[in-house]
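Undergrad: Provided herewith is a single structure, encoded as structure tokens, for subsequent inquiry.
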Amino acid sequence: MARKMLVDGEIDKAAAEEANATHYDFDLFVIGAGSGGVRAARFSANNGAKVGICELPFHPISSEEIGGVGGTCVIRGCVPKKILVYGATYGGELEDARNYGWEINENVDFTWKKLLQKKTDEILRLNNIYKRLLANAAVKLYEGEGRIVGPNEVEVRQIDGTKISYTAKHILIATGSRAQKPNIPGHELAITSDEALSLEDFPKRAVVLGGGYIAVEFASIWRGMGGTVDLFFRKELPLRGFDDEMRALVARNLEGRGVNLHPQTSLTQLIKTDDGIKVISSHGEEFVADVVLFATGRNPNTKRLNLEAVGVEVDQAGAVKVDEYSRTNIPSIWAVGDATNRINLTPVALMEATCFANTVFGGKPTKADYSNVACAVFCIPPLAVVGLSEEEAVEQATGDILVFTSGFNPMKNTISGRQEKTLMKLIVDEKTDKVIGASMCGPDAAEIMQGIAIALKCGATKAQFDSTVGIHPSSAEEFVTMRSVTRRIAYKPKPKTSL
């Protein structure tokens, strides 16, 4: 079947004719069967392409030798993390239940191993579902490590060590990212999120280093299950890059639920002792923990792909450089997901993979749209955002910015007695009346924000929010009842320079 090749949004007829004159084993070979890789493989196959895909053998904890169909999100990321968040949430729910008339014994037991087994059962189920999705789309799955040995050739090292090469008209890199550890003395004693999701024993004393998603989520998880948690981060507040007002509330909520915060503090050394791991902070304080989690970022998983030898360009972090269509500097090689280090979220990888399949095999050149990508941090209670933060809006402003906020104690808390505020926020461009940012920290924030994201994607105005009838009683209705401006931020033109 003749395939169309895209060059800068146009069909390169000469390249297409040359490619069609050559016989390949596959129209597409995908390295990495995570969310992005599986989506690209399936959708390309649905468009008539002959597709092969390779992935490392399954294991909950990844390494250079093991991985699994489903990738980070399904096996050692979003899905198992959310299961543990659900488990941890019950700790607070049980406390709150007493004021709702439930007589609960003071000693409520929590069995970590039971939840861990249920989590493992679920990721195994999902791993098999992903395999079936590939099979049902007639995608050929190879178990082993893939590396690129030419512009149209992939070598797969199988479990027994033998190597087999396959040719493909197009190669897609979808190898994701891997957790990294800072190089401090004793770093080998620490774990990453991979191991944190599969610990044999519950950590009664946990130290977490980092201020991003993973750090605050695991701090919430372990504290919610009854552990003592100390969270260390370099900035004044966790979650750098999010709206500052929301960051401050997340910090208050973490402290309110018993997490010990150590802002502007790092770790300088880990030492193994008979009583656990001794942790020394940058301020000279000492702590002892059962587990030390390094949640200090992830790097693109590209080191073993042989990209330099083939000539594929990468940046200093190892991220594959691509154009708006996810194409590398080698016309036959493409990349999606965390391996490109654009917006490292599973739904974004899915979007990029869909655009790739449409572009290369669907006859519909499609660029990924990174505007108004919603996301959530599943701390307890969660934070969810879409569009611009207040700080970003001010930085990008061409006119005055209006900020609307609503802070309140949710109805559920008025009975339970929990002192934990919910905060909701809208950012509005006064000139256009468009809502350009929304955020919420409180119960069900992610579920509510997904609907708000649709409104922002459609270009909704504040007047349209105001004219929407709310659902009562609910927290969500606050988004359509914020009538008074909390603050107006006057536009300040940036000084022109002659540079």
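Each position is counted from 1, following the chain as shown.
Glycine is treated like the rest: Cβ placed from N, Cα and C.
The shown structure was predicted, so the numbers you read here are calculated from the model rather than taken from an experiment.
The active site, proton acceptor annotation in TrEMBL covers H472. For K82, G146, T175, G176, S177, D338, the entry in TrEMBL reads FAD binding site. Marked as disulfide bond by TrEMBL: C73-C78. Residues or ranges marked as domain 'FAD/NAD(P)-binding' by TrEMBL: 26-353. Per TrEMBL, domain 'Pyridine nucleotide-disulphide oxidoreductase dimerisation' is recorded for 374-482.
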Undergrad: How many angstrom lie between the most widely spaced Cα atoms of the FAD binders K82, G146, T175, G176, S177, D338?
TA: 30
Undergrad: Expressed to the nearest Å, what is the distance separating D338 (FAD binding site) and C78 (disulfide bond) at their Cα atoms?
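TA: Rounded to the nearest whole number, the Cα-Cα distance is 14 Å.
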Undergrad: Of the recorded positions C73, C78, H472, which sits closest to T175 (FAD binding site) by Cα distance?
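TA: For T175 (FAD binding site), the closest Cα among C73, C78, H472 is found at C73.
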Undergrad: Measure from the Cα of G146 (FAD binding site) to the Cα of every one of the recorded positions C73, C78, H472, then give the nearest.
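TA: If we rank C73, C78, H472 by Cα distance to G146 (FAD binding site), first place goes to C73.
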Undergrad: Of the recorded positions C73, C78, H472, which one has its Cα closest to the Cα of S177 (FAD binding site)?
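TA: Given the candidates C73, C78, H472, the nearest one is C73.
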Undergrad: Measuring Cα to Cα, tell me the gap between C73 (disulfide bond) and H472 (active site, proton acceptor) in whole angstrom.
TA: 35
Undergrad: At a 10 A cut-off on CB-CB distances, which of the disulfide-bonded residues C73, C78 has the highest count?
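TA: Output for this query is C73.
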Undergrad: Please tell me which one of the recorded positions listed here (C78, K82, G176) sits closest to the residue listed as 'active site, proton acceptor', measuring Cα to Cα?
TA: K82
Undergrad: Among K82, H472, all listed as recorded positions, which has the most CB atoms within 10 Å of its CB?
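TA: Neighbour-count leader: K82.
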Undergrad: Quick check for the class: what is the C-alpha distance, in angstrom and rounded, between G176 (FAD binding site) and C78 (disulfide bond)?
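TA: Cα of G176 (FAD binding site) to Cα of C78 (disulfide bond) measures 13 Å after rounding.
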Undergrad: Would you count the other C-beta atoms found within 10 angstroms of the C-beta of D338 (FAD binding site) for me?
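TA: Neighbour count, Cβ to Cβ under the 10 Å cut-off: 31.
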Undergrad: By a simple count, how many Cβ atoms lie within 10 Å of the Cβ of S177 (FAD binding site), its own Cβ left out?
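TA: 23, counting other Cβ atoms within 10 Å of S177 (FAD binding site).
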Undergrad: Averaged across the domain 'FAD/NAD(P)-binding' (26-353), what pLDDT does the model get? Just tell me the whole number, please.
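TA: Within the domain 'FAD/NAD(P)-binding' (26-353), the model's average pLDDT equals 97.
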Undergrad: By DSSP, how many residues in the domain 'Pyridine nucleotide-disulphide oxidoreductase dimerisation' (374-482) are helix, how many strand, and how many coil?
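TA: Helix (H, G, I), strand (E, B), coil: 36 helix, 33 strand, 40 coil.
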